[in-house]
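Peer 1: Mind having a look at this structure? Questions to follow.
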């Protein structure tokens, strides 16, 4: 590329950086420091889901007491965070009481026969549900005003699986309008606020889930992710989450309904406070057919892991610069994994800077479903005129959020104008996917070498030297190394202020990249920032290697403490 291009790129990048700095300063001046919810103190709320189930099964805890504790906490925090948009407190409490009565009349042997860990691994565990998922008798609006009247007449398959495993759903949680924005705010239920600082966002679209779990008002929940809708809420709320490999967990039973082609980008997965619950929850949500695609019973030895740490997106022009605190947190993770014997190397992939183009290109070329303007119309037969509605929004007369209207305009006109660019972006995506697979799967590397397809640019080559200076012999990988994971930031900013994402709409590219690639990702909390807000990162594995990222998540929880209760700072 010419020197003129590089100069122009650098100049535009500098201007963007200055403008965003001014925007950040204005938001900080407007909002200042908000307040957090009270610290979680009830010991029942501090137990992982699997521990609760085991204690209920052993009759060391009563399901009614556990459910009551969560209901009390939900009622306590929701006036501050506005994350709960529906509840079945009475029904859930009754189910817990009925479970206690049954278990009280059974011997330990009978309980083991009918309610074993294998049969009911989540026995009596309270469960929160994202409002986009069907739950019989509950609202299913997805934050769309035209669906205010909609009530589900069935349970989504993933909810059925969780209930069959013994979980008891008791609250419904907020989302962004039509589940396509990373702040959970809509004109049906209002705006959800961060438990650590109520001037900050909770992410989206599974933001209500992230918030209630973080608050201690739920212990496990259901999320879905097409561009980061599990991982961003988990990051902003300081909890764990997992976007599984393609086809592992059933996506049916949620609104909006994704077309068959888009299903490859959408994954349903677990959200929870404790890494030890991720594996269990994923098994239940996936069912036997889904679990059969994975290797969840494989034990992972950290000393036999290869770790590629990518500190940022290699300079994407439309994306905010990485917060130094997040870079430092990732560096500490690298140090820790190195101390455990893992081979850790810092890498740069320049194609990552095209994450936005690759994600949007794949979505545009795959989406054969209804237009976004038709989706946000709800049950109305006529699609929303998003251009007109933006004018009404400026006058305070629209019932739709600005992000939804902006997305509608882009969806109405963008694909027609960008079709050729989308095709080029998808070709680059395919090349990047092949490169990463060759890096992360030895059998794929051998196949590509045999076919003469291994092409690695100089700036992307590894020095084969880890962060500790050790040499990494790629030959004999299978004999010496169990697998490869990739560390990558979840977002360039720590929990932004409300409405700030309107000025940084493309920052989701850090998560959207892996929806486009189809790689499983585990989101891990890493303590709190200087402002008392959650830090974290993504641990990425190759397709159907979910057990690797889940194992790293458990190790990071043990080292860095995992979830930290709001109100602790």
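Residue numbers in this text run from 1 along the chain shown.
Just so it is clear, glycine is given a Cβ too, placed from its N, Cα and C backbone atoms.
Checked TrEMBL, it gives:
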ACT_SITE  130  active site, charge relay system
ACT_SITE  205  active site, charge relay system
ACT_SITE  229  active site, acyl-ester intermediate
COMPBIAS  444-462  compositional bias 'Basic and acidic residues'
REGION    443-474  region 'Disordered'
TRANSMEM  6-31  transmembrane segment
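I'd like these features described in context: how deep, what's nearby, how far apart.
Peer 2: For residue 130 (active site, charge relay system), the same-chain residues lying six or more positions away in sequence with a CB closer than 8 A to its CB are 172, 173, 175, 205, 206, 208, 209, 221, 222, 223, 224, 254. Reduced to three states, the DSSP call for residue 130 (active site, charge relay system) is strand.
DSSP classifies residue 205 (active site, charge relay system) as coil under the three-state reduction.
Within 10 Å of the C-beta of residue 229 (active site, acyl-ester intermediate) we count 36 further C-beta atoms, all protein chains included.
With a threshold of 8 Å between CB atoms, the same-chain residues lying at least 6 positions outside the transmembrane segment (6-31) that come near it are 199, 315, 317-318, 320-321, 496-500, 503-504.
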Peer 1: Taking the Cβ of residue 205 (active site, charge relay system) as the centre, how many other Cβ atoms fall within a 10 Å radius?
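Peer 2: Around residue 205 (active site, charge relay system), other Cβ atoms within 10 Å: 33.
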